[in-house]
Amino acid sequence: MSTKEKNLELERLVFFSDAIVAIAITILVFGVKLDIPAGNALTYHDLLRAWPSFLAFFLSFFIIALFWMIHHRFFCHIRDINEVLLWNNIAWLLFVALLPFSTTLIAMHFQNKPAMVVYCGNVFMITIFQNNIWDYASKNGRFLKTDVDERIILFYRRSCNVAMINSVISLVLAFFFPLAAFINLVARIPSVVLARRIFKLMKLREVKERKLSNQR
């Protein structure tokens, strides 16, 4: 297969993935419903009663957004794919597409253990296949671009490990303490953002140090 054909194949996979993620993140809003009897006017109390739906929506929105951001970063560094990467990506998309259903479950049964187990299990499966994508692509650098720094590979591998730990803890907590499982997933959002910020600062500092050393 020529380089042009490989690039086209990779682009098609990325575009297809982006489309599925966009659909999944959009239909989350359909799970936000207000339980208002026919003929009754909307009140602030009705809005407050719907807080589980809003919480579930916001959590899932940001979780999908984080998964997409990381997936996007992965494929900025990946130059080639094969059947294994393709099927791992399809499995990743399968569970991303399932998340709106899981979100509706916890919106309707917020502190219900089975509902939270399904939701956390869903996030866990997305995490597994996202980790598989990077682990397989970065192993020996076979599918990565030649200019990818080893520290970038290590950073994303560690990020994947942290995400996996968070998912496992949430899934275990869901069997006993659904609210704690939910809170643990919420904590995942700022931790990922903070990790990205620290990594960028480290790279900026390294660039400055190189400039200073060159001047000397």
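For all residues, glycine too, the Cβ spot is worked out from N, Cα and C.
Positions annotated as transmembrane segment by TrEMBL: 12-30 (among others).
For 50-70 (among others), the entry in TrEMBL reads transmembrane segment.
Feature annotation from TrEMBL assigns transmembrane segment to 90-110 (among others).
Annotation source TrEMBL lists transmembrane segment at 116-134 (among others).
Positions annotated as transmembrane segment by TrEMBL: 155-176 (among others).
Relative to the transmembrane segment (12-30), the listed stretch 50-70 leads the set 50-70, 116-134, 155-176 in CB pairs under 8 A. Within its own chain, the transmembrane segment (116-134) is flanked in space by residues 63, 67, 70-71, 74, 85, 88-89, 91-92, 95-96, 98-99, 102-103, 105-106, 156-157, 160-161, 163-164, 167-168, 170-171, 173-175, 178, 181-182, 185, which lie at least six positions past its ends and keep a Cβ under 8 Å from the stretch. Under 8 Å from some Cβ of the transmembrane segment (50-70) lie the Cβ atoms of residues 18, 21, 24-25, 28-29, 31-35, 96, 99-100, 102-104, 106-108, 110, 123, 126, 130, 156, 159, 182, 185-186, 188-189, 192, all in the same chain and six or more residues away from its ends.
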